[in-house]
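Accompanying notes for the structure given below.
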Amino acid sequence: MAKVGDVDIRPVQQGFRRESDEGSKVVAGTAESPDAGGGGIEMKKELGLMDGVAIIVGVIVGAGIFVSPKGVLLYSGSIGVAIIVWILSGVLSMVGALCYAELGTMIPKSGGDYAYIGEAFGPLPAFLYLWVALLILVPAGNAITAITFAQYLLQPLWPTCEPPYESVRLLAAVITCLLTAINCRNVKWVARVTETFTGMKVLALLVITGAGVWHLASGNTELLESPFANSKIQPGFIAVAFYNGLFSYSGWNYLNFVTEELKDPYRNLPRAICISMPLVTIIYVITNIAYFAVLPPDEMLSSQAVAVTFAEKMLSFMAWTMPLFVACSTFGSLNGAIFASSRLFFVGARNGHLPAALSLININCLTPIPSLLFLCALTLLLLFIRDVFAIINYVSYVEILFIFISVAGLLRLRQKAPDAHRPIKVSLIAPVVFLLTAGFLVIFSVFESPMEVGIGTLIILLGIPVYYVTIGKPWRWLTQKSQTFNRFCSKLFLCMPNSEKID
């Protein structure tokens with residue numbers, strides 16, 4: 001059994017937990033509870049219902065709706081089809097989120113897709129998801145969000161040209177480190193930051209919506225008079241349009257990553273989903289109608305930032321506020337993404353799929369500091385890649401593929417564990433509809449983007465030999481190095497292993 005210093009690191013029910021009423025700590029193995037055994041520590045359940053809603057809305061509503069809603073229009077060809085795609089993308093995301101609500105209340109562990117795939121299909125598929133998330137999904141998404149924040153915050157200082165490359169990357173690195181520090185220090189601080197900036201981004205979208213309504217009320221309806229002109233109805237174009245729409249809704253499963261820190265997850269997880277998803281769908285659809293009412297399709301497609309172009313037309317001397325709103329939106333999204341995705345690596349390490357050091361929890365802050373710093377390092381590394389945005393081309397296919405596998409896991413668990421406790425049980429129609437739609441998108445993406453699909457598949461398959469070398473039959477020296485690194489991190493960051501107490 002691996003140890004931290006002289007303390008056995010086997011998970012326990014009690015032990016090394018802070019007693020809030022006394023302000024003292026319980027030394028490992030000396031807790032009053034009869035369940036106390038070896039060393040272990042738990043993260044606090046500090047997230048309520050509104051915190052959950054703020055995380056989902058905050059992560060979903062990033063820069064996409066402000067910067068690049070043109071992707072849906074480009075492949076749908078017309079305003080009418082684009083609006084339908086936005087609505088159906090929201091509905092499909094809601095269906096997927098309800099499936100995840102069943103999975104999240106049946107398996108109340110943090111880690112989201114990783115935990116569900118592992119329960120349904122075993123450790124290898126779960127590791128492959130972790131592998132892809134480690135290489136592509138999480139750090140690339142965070143790096144791009146940080147760069148977008150820096151670009152829009154600096155834009156008012158360089159109004160006639162692009163901000164300098166070095167300035168953008170340096171500011172992106174600073175904000176990544178700042179938010180990582182906040183996440184390391186206190187979960188409540190993270191929740192307050194998320195709620196504040198979620199409110200600001202919703203306010204920005206309401207400003208856009210209000211300006212669009214005023215424009216339409218003034219009789220300017222000519223751009224909406226032929227909504228289905230030039231529609232593209234070929235399956236390939238529709239599939240790519242849905243890809244763009246669903247990508248703008250991505251993040252609806254992030255609350256499932258932090259289930260163990262959610263108060264009363266059996267009630268608050270599904271409630272947060274049912275509140276946030278219709279809210280985001282309504283905001284997205286109304287915002288796009290406002291865009292379409294003011295900006296001709298050609299102008300939208302040529303714009304580098306649709307919300308900024310909209311503001312220049314409608315907000316007059318206040319147009320300068322829109323880049324700041326976009327920066328605030330990306331700031332909040334990055335904060336929520338760092339918080340949720342760090343728990344993915346934390347759970348992966350707890351299950352033995354990553355170095356055990358990443359599953360350690362700081363004894364004072366009760367946060368997974370090593371996992372957060374690991375994620376920060378990966379993000380900073382990608383910031384030095386000049387063409388990091390090219391990585392995002394492989395994200396959509398890989399992400400929808402593993403979401404497909406997770407929802408398929410729901411059906412698998414219905415067969416594998418029919419009598420398991422399910423506080424929420426959705427109709428079979430929901431996962432079947434989601435799987436048919438997701439399968440359609442995956443299949444047609446092979447024809448529309450064969451190179452991206454091929455590279456994404458290759459990255460997934462490369463995880464198989466890595467799994468067998470590091471986990472299936474690990475080399476002895478690798479195990480010894482991992483244990484040494486685990487002890488070093490325990491002492492450096494004042495951490496203990498997680499007790500994995502699941503209600």
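Along the chain as shown, residues are numbered 1 onward.
The backbone N, Cα and C atoms fix where each Cβ goes, and this holds for glycine too.
Since this is a predicted model, take the numbers as computed values, not measurements.
What TrEMBL records for this protein:
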- 47-67: transmembrane segment (TRANSMEM)
- 73-100: transmembrane segment (TRANSMEM)
- 126-150: transmembrane segment (TRANSMEM)
- 170-187: transmembrane segment (TRANSMEM)
- 199-217: transmembrane segment (TRANSMEM)
- 237-257: transmembrane segment (TRANSMEM)
- 269-294: transmembrane segment (TRANSMEM)
- 314-340: transmembrane segment (TRANSMEM)
- 361-385: transmembrane segment (TRANSMEM)
- 391-414: transmembrane segment (TRANSMEM)
- 426-447: transmembrane segment (TRANSMEM)
- 453-471: transmembrane segment (TRANSMEM)
Contact yes or no, the transmembrane segment (426-447) and the transmembrane segment (73-100), 3+ Cβ pairs under 8 Å, gap 6+: yes
Paired segments the transmembrane segment (199-217) and the transmembrane segment (391-414) in contact, 3+ CB pairs under 8 A: no
Tertiary contacts of the transmembrane segment (237-257), as residues 6+ beyond its ends and Cβ separation under 8 Å: 52, 55-56, 59-60, 62, 64-65, 69, 71-72, 74-77, 81-82, 85-86, 88-90, 92-94, 96-97, 100, 103-104, 110-113, 116, 269, 272-273, 276-277, 280-281, 284, 333, 336-337, 340-341, 343-344, 395-396, 399-400, 403, 406, 437, 440-441, 444-445, 448-449
Positions on the same chain near the transmembrane segment (73-100), where near means CB under 8 A and six or more residues out: 112, 116, 223-224, 227-233, 237-238, 240-242, 244-246, 248-249, 252-253, 256, 270, 273-274, 277-278, 280-281, 284-285, 288-289, 292, 297, 300-301, 403, 406-407, 410, 424, 426, 430-431, 433-434, 437
Long-range neighbours of the transmembrane segment (361-385), counting only residues six or more past its ends (CB under 8 A): 16, 18, 25, 41-44, 134, 138-140, 142-143, 146-147, 169, 172-173, 176-177, 180, 183-187, 338, 341-343, 345-346, 349, 391, 489, 493-498
Among the ranges 47-67, 126-150, 170-187, 314-340, 453-471, the one whose Cβ pairs under 8 Å to the transmembrane segment (391-414) are most numerous: 126-150
Contact ranking winner - 47-67, 126-150, 170-187, 314-340 against the transmembrane segment (453-471), Cβ under 8 Å: 126-150
